[in-house]
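Trainee: Dropping a structure here in structure tokens format, bear with me for questions.
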Amino acid sequence: MSSLTMQVTKRLETFLQGTKKLYIDGKFVPSASGATFDTPNPATGETLMTLYEAQAADVDKAVKAARKAFDQGEWRTMSPASRSRLMYKLADLMEEHKTELAQLETLDNGKPINETTNGDIPLAIEHMRYYAGWCTKITGQTIPVSGAYFNYTRHEPVGVVGQIIPWNFPLLMAMWKMGAALATGCTIVLKPAEQTPLSALYLAELIDQAGFPAGVINIIPGFGEDAGEALTNHEAVDKIAFTGSTEIGKKIMSTAAKSIKRVTLELGGKSPNILLPDANLKKAIPGALNGVMFNQGQVCCAGSRVFIHKDQYDEVVDEMASYAESLRQGAGLHKDTQIGPLVSKEQHERVLSYIQKGKDEGAKAVTGGSCPFEAGYFVAPTVFANVEDEMTIAKEEIFGPVLTAIPYETVDEVIERANHSEYGLAAGLWTENVKQAHYIADRLQAGTVWVNCYNVFDAASPFGGYKQSGLGREMGSYALDNYTEVKSVWVNLED
């Protein structure tokens, strides 16, 4: 164990021992093949843990357990109030173990401990509690139909759901999906990302302690091309929920179409963040920069296309570069770290290749673009100037700490250019003019628009994308629709 992992609690030290098992049908079991894989510490590149690798046979076992729990188990007949109590109990256990969960997320993903302690983990707990409250509030309608009939609707659970979780917010994204599925009465097979599986396996221990019936929640770490594909292909899975790249989302959608599975997709983005001439620059500059650099830029809705009015362009770019240079980089467990490493060697190489492509196409790296440390997967916060709309770094999702500064002249022009993207996940704008804010927000093609803020979330507010940024919505009451079927019941009232 590296020195960085020695800073963790005793309880987490215990968890980090041995080879971690899959959680299937209420039991911790090795993979059927005995295959294992390692997950590294992004701050050092050293192996953090070894885990059993779920493959097709393990996926089949997990799906069958979930199918049995849904079709025959006590979960199906459990009252909504009882289901709610189990979810609240899990949230309470997460609260009790919040320090371990925060440290584990930082070790596995690399993100700063201040972010996991004050952001990821509290939000994950909030989501579980939010959806626990929904268990008793899912209702249908009585509909005044013609004739001597009584007609009503029921919202019934869709069944067994496969949930494929990304590596950028591992536990939080799991809660986005798991909370809504449990509230509606579905059973779950959850595949965490192979890069960051540990918080999901720690969660499995808490699920076990909470007393969920066997088979209701199954957690199977493995690789997308094997476990993920087997889960998407499985005929006994009724729905797939996926967060990740648009490229993989398209493949999942195609595979799910073979059996007409329900699908929700939260995919990529290349979000615009517009600074209007009247913006409060003391707030807008750090706000827009953090809208890109948060979580090392590994955020699907990162505001990586920053549009700046041409009259303020040079001044704002210089200030953004200075602010970027002030951000402290280091290992996530160091409390003064503001920017941690990228999640993996592959992601590190991907981001560096985009930076080089930006330079090759004529953009100017005002700051950053380098690797500040010899060890680990670090990239210095990078600000590009002289960026044009058709450059690769202005069109494609980089998923790293790279800001592209783009000049504009008029409001209608910048709206058109902001919308000129295959993505439509989110957008931001900074202005002191409320009328202007509503005018622009109405015209931006994005599932979320932030005004004078960025990356603000709440469990009650929906999140999802237009265009190739996805299908359906996560969070809020809207997410419940993803996990229910609507049944219309007609009763003849004639004698």
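Positions of Cβ are set from backbone N, Cα and C atoms, glycine also.
In case it helps, Swiss-Prot gives these features for our protein:
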BINDING   Gly244, Ser245, Thr246, Glu247, Ile248, Gly249  NAD(+) binding site
ACT_SITE  Glu266  active site
ACT_SITE  Cys300  active site
Trainee: Would you list, in sequence order, the residues of this chain other than Gly244, Ser245, Thr246, Glu247, Ile248, Gly249 that have their CB within 8 A of the centroid of the site's CB atoms, where the site is the one recorded for NAD(+)?
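Mentor: The answer, listed by sequence position, is Phe242, Lys250, Lys251, Ile252, Leu267, Gly268.
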Trainee: Taking just the CA atoms, what is the gap between Gly249 (NAD(+) binding site) and Glu266 (active site) in Å?
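Mentor: Checking the Cα atoms of Gly249 (NAD(+) binding site) and Glu266 (active site) gives a distance of 8 Å.
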Trainee: Check the DSSP secondary structure of Glu266 (active site), expressed as helix, strand or coil.
Mentor: strand
Trainee: Between Thr246 (NAD(+) binding site) and Cys300 (active site), how far is it from one CA atom to the other, in Å?
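Mentor: So the Cα of Cys300 (active site) lies 10 Å away from that of Thr246 (NAD(+) binding site).
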Trainee: Give the distance between the Cα atoms of Glu266 (active site) and Glu247 (NAD(+) binding site), rounded to the nearest whole Å.
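Mentor: About 12 Å separate the Cα atoms of these two residues.
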Trainee: If you count other CB atoms within 10 A of each CB, which of Glu247, Glu266 wins among these recorded positions?
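Mentor: Of the recorded positions Glu247, Glu266, the most buried by Cβ count within 10 Å is Glu266.
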Trainee: Gly244 (NAD(+) binding site) to Cys300 (active site): how many Å between their Cα atoms?
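Mentor: With distance taken Cα to Cα, Cys300 (active site) is 8 Å from Gly244 (NAD(+) binding site).
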Trainee: Sort the binding-site residues Ser245, Glu247, Ile248 by C-alpha distance from Cys300 (active site) and give me just the closest.
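Mentor: Nearest by Cα distance to Cys300 (active site): Ser245.
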Trainee: For the binding-site residues listed here (Ser245, Thr246), which one has the lowest count of neighbouring CB atoms within 10 Å of its own CB?
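Mentor: Fewest other Cβ atoms within 10 Å, among the binding-site residues Ser245, Thr246, is found for Ser245.
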Trainee: Which residue, out of the recorded positions Ile248, Cys300, shows the minimum number of other Cβ atoms inside 10 Å of its Cβ in this structure?
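Mentor: Comparing Cβ neighbour counts within 10 Å for the recorded positions Ile248, Cys300 gives Ile248.
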